[in-house]
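What TrEMBL says about this protein:
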- 7-25: transmembrane segment (TRANSMEM)
- 86-197: domain 'Glycosyltransferase RgtA/B/C/D-like' (DOMAIN)
- 87-107: transmembrane segment (TRANSMEM)
- 167-195: transmembrane segment (TRANSMEM)
- 291-310: transmembrane segment (TRANSMEM)
- 317-337: transmembrane segment (TRANSMEM)
- 343-363: transmembrane segment (TRANSMEM)
- 375-393: transmembrane segment (TRANSMEM)
- 451-484: repeat 'TPR' (REPEAT)
- 553-586: repeat 'TPR' (REPEAT)
- 587-620: repeat 'TPR' (REPEAT)
Amino acid sequence: MKTARIDLLLCMGLVALVAAVYHTIPHTGFFLYDDSLYVYENPAMSLGLSWEGVKWAFTTTRGGFWIPVTWLSLLTDAQIYGLNPGGFHLTNILLHAVNTLLLFVVLNKMTGAPFKSAFAAALFAVHPMHVESVAWITERKDVLFGLFWLLSMGAYLKYVKNPGWRNYALILILFVLGLMAKPMMVTLPFALLLLDYWPLKRISPEEIIQAPQKIWALVREKAPLFAVSLAFSLATFALQRHVGAVASLEGVSLSFRIPNALISYIKYVYHTLWPFDIAVYYPIPENALPHWMWIGALLALAAVTFLAAARWKTDRCLITGWLFFLGVMFPVIGVSQSGPQAMAARFMYIPAIGLYIIAAWGGSELLKRLPSYKAVAAGMGIVLVLTLTLLGYNQARAWEDGIALMKRAMQITGENPFASYIIGVAALRKQDYPAAEKFLRESLSLKEKRKDALEGLSIALNRQGKTGEAIACIKKALEIEPDSIKAKSYLGTYCFKAGFHEEGRSIRDEIVQADPEEVIVLYNIATMFYDEKDYKNAKIWFQKNTEANPFQYEAYTFLGSIALNQGETDAALANYLEALNLHPNLPEVHNLLGLLYIKKGLAAPAEAHFKESMRLAPDFPDAPYNLACLYDLVGNKQAAEALLKALIKTAPQCQDAIDKLKQIQENK
C-alpha cells in the first residue's frame, strides 16, 4: 500500500478515536468553576470578534494571565455560537483532533516511522489524563498552546532541513503565539534541544563527548527563543505575583513545594500508566509530606533517569522522552506555586508526549526480542489504545455532571475544600440553599477562608432569610479583599433587605462610581435600585446586565415587572417570555404571564400558564387563586369553587381565597 494512503488511513483512525472519546461533550453545559470567569459571566464575550473585543483581549489580565490568543479564540466562539456551551466544547474537541493529527505528522516526518508515530498520537488522542484539558472550556489554553507547540515543532523541522531566517522567524512567531495562549510554552527551546539529539540527530553521542562546542552551537542557535522565554517567564511571574496567583513562601514553603514536586512527578507517571481514579482537583495537603514519600519519589526519579541515561547512546528515544516529560512539566510542577492545587491532570497535555515517545519507540525496541514481534507489537498496541479509549470515554462522561465529578474527587482525595465549594455553588444554582450552606460551610471549615466561598455562603444565608448572618459573612469576605466591588455589591443588597437603606445607598453609590463591568455587580446594583422603587435606574442597570449576559433570566423577570408597573403590557409580556425561554421552570413568571393574558382578554394562554405554575410549585397559592378568578370571570363557577376549596384546604391562611369563595357562593 502506498505511503500516502497508509498515512491517510492512520489519520482517519486518529480522528475516529478522538470522536469516540469526546462525542458526548458538546451536550455538556458550562463547568461550575472558572467557565463563569472566562465565558458566561465575562462581559467581554458580548463584544465578540470586534475591534473592541480584540483590544480587550490584548489589554486584559483577567484570570491572572496575559493570554490574548486564548481570549481571541473564546471571543470567536462567542461571535459564532453566542453563549451556547456546546459550541465552545466543539472547538476544544476540534483543536484536540487537529493536535492529534499534528503530533502524528510531525513525529512521522521526523522519524519516518508511521506506525510508531500513530501509536504515540493515539495515546495522546484518547488518554484519560487529557480529558480535563479538552472537556473544560476554560482549558482552551491547553489545546491552543498545544496547537502552537506542535506547529512550532513542525516549523523547526522545516528550519533544520532548510536553515534560513525566514524559517527561523516562523518558529519565533509560532512560539510567541503559543506563549500568548498559555505561558507554559516557555519550555519549547529546551524541548527543541532534546529533539536535536533525537529524532533529528543533529548531534551524535560522540560529538557530545568529543566536541562539546557543537552543543553550545545548538544552544546559541536558540538564543532568541531562550530570550523570549525568559522575558515571558519573568513577566508572567510578576503578573501572577501582582494579582496574588503565586503563593508566597510564607503561604506555601519551599520545604513543602520541592517534596510535593518530586511526588507529583511520580503521580503523573503513575496515572499515565494506570489511568484510574483521576480527580479533577488535588488539594494541597494540610500536613507536611512524609519524608519516606518524597525521598522515595526522588530515588525513583533518579533511578529512571539513570536507566534512560545508561542507554543514551543506543536508545536515544529514552533519554529524550524522559527529559522532555521532566522539563516541559517543570513550570507547573509546583516549585513556583501557582494556584491552589497540588497537581492537575491538565498539566500533562504536552509533557505526556515524552512518555508516549518512550512507549512507542522504547516499547518497540523492547519487543524486538520476541518472535514475530511486529504482530505482537501491533496487537498489544491496538488492545492498549482501545482500552484507553474506553477509559477516556468514561472519564469524559464524568464531566457531564459537575457535582458527581466533584464528589468523585472527594472520594479520591479525601477532604477536599475546593470540591465542597463547587458542590455548594452547584446547590446555589439549583436554589437548594440549605445544601449550599452545608457544603460551603464544610469548605470553609477545611481550609483557610476563601473569599468566593464566603460570598457563596452569604447568598445561601440571605436566600434563607438569614440576612444578619449573610451580612456578617460578606463582611468577612471583605476583610480578605477590602476593595472587592463584587463583595460590596452583595453587602449593599443585604443592607437594603435588612432595612439599612442609608448604608445600602452609600455602598451602591460607591460601586456605581467605580463603573463596574462584572455581570453579578450590574445585577446587584439594579436590584438595589429596584428595592428603593427607583424603577427608572433599575431598568437602566438591568438592561446593562442583560447586555453583558443575555442569559440572565432573573434580569428579564425584573424588567418584566418594571414594565408592568409602568403600564407597558407588551414590554412586560416580552420580558417574561424571554425569562421563560431561558429558564422554563419559573412558577412565579408563569403566574404573572397568566395575569397579563387576562388583561389582554386571552383566557386560554392565561389558563395554561396558571396550570404550569401550579405544576411547578404545588404549594404556591397565587396561581390556583388566579386560575379560580379566571374561571369565575369566564362563567365557570363550579370549577372556580372547587379550586378555591382545595386551595383553602392546603392554605387555610389565604384570606383572598376565603373571600373569593364566599363571594362566588353568595352570587349563586
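Including glycine, each Cβ sits where the backbone N, Cα and C put it.
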Response to the item:
In DSSP terms, the repeat 'TPR' (587-620) comprises 27 helix, 0 strand, 7 coil
Worksheet entry | the transmembrane segment (167-195) and the transmembrane segment (375-393) contact flag, 3+ Cβ pairs under 8 angstroms | no
Worksheet, complete the sentence: Helix, strand and coil residue totals from DSSP for the domain 'Glycosyltransferase RgtA/B/C/D-like' (86-197) stand at 102 helix, 0 strand, 10 coil
Discussion item. On average, what pLDDT score does this prediction assign to the repeat 'TPR' (553-586)?
Written reply: 93
Fill in: Long-range Cβ neighbours of the repeat 'TPR' (587-620) (under 8 Å; 6 or more residues past either end)
557, 560-561, 564, 569, 572-573, 576-577, 579-580, 626-627, 629-630, 633-634, 650-651
Worksheet item: Among 7-25, 87-107, 291-310, 375-393, which stretch has the most Cβ pairs under 8 Å to the transmembrane segment (317-337)?
Response: 291-310
Practice prompt. Look over the recorded stretches 7-25, 291-310, 375-393 and say which has the most C-beta pairs under 8 A to the transmembrane segment (87-107).
Written response: 7-25
Discussion item. Give the nonlocal contacts of the transmembrane segment (291-310) in its own chain as ranges (CB under 8 Å, at least six residues past its ends).
Written reply: 258-260, 262-263, 265-266, 318-319, 321-323, 326
Practice prompt. Taking helix as H, G and I and strand as E and B in DSSP, count the residues of the repeat 'TPR' (451-484) in helix, strand and coil.
Written response: 27 helix, 0 strand, 7 coil
Worksheet item: For the repeat 'TPR' (553-586), what does DSSP give as the number of helix, strand and coil residues?
Response: 27 helix, 0 strand, 7 coil
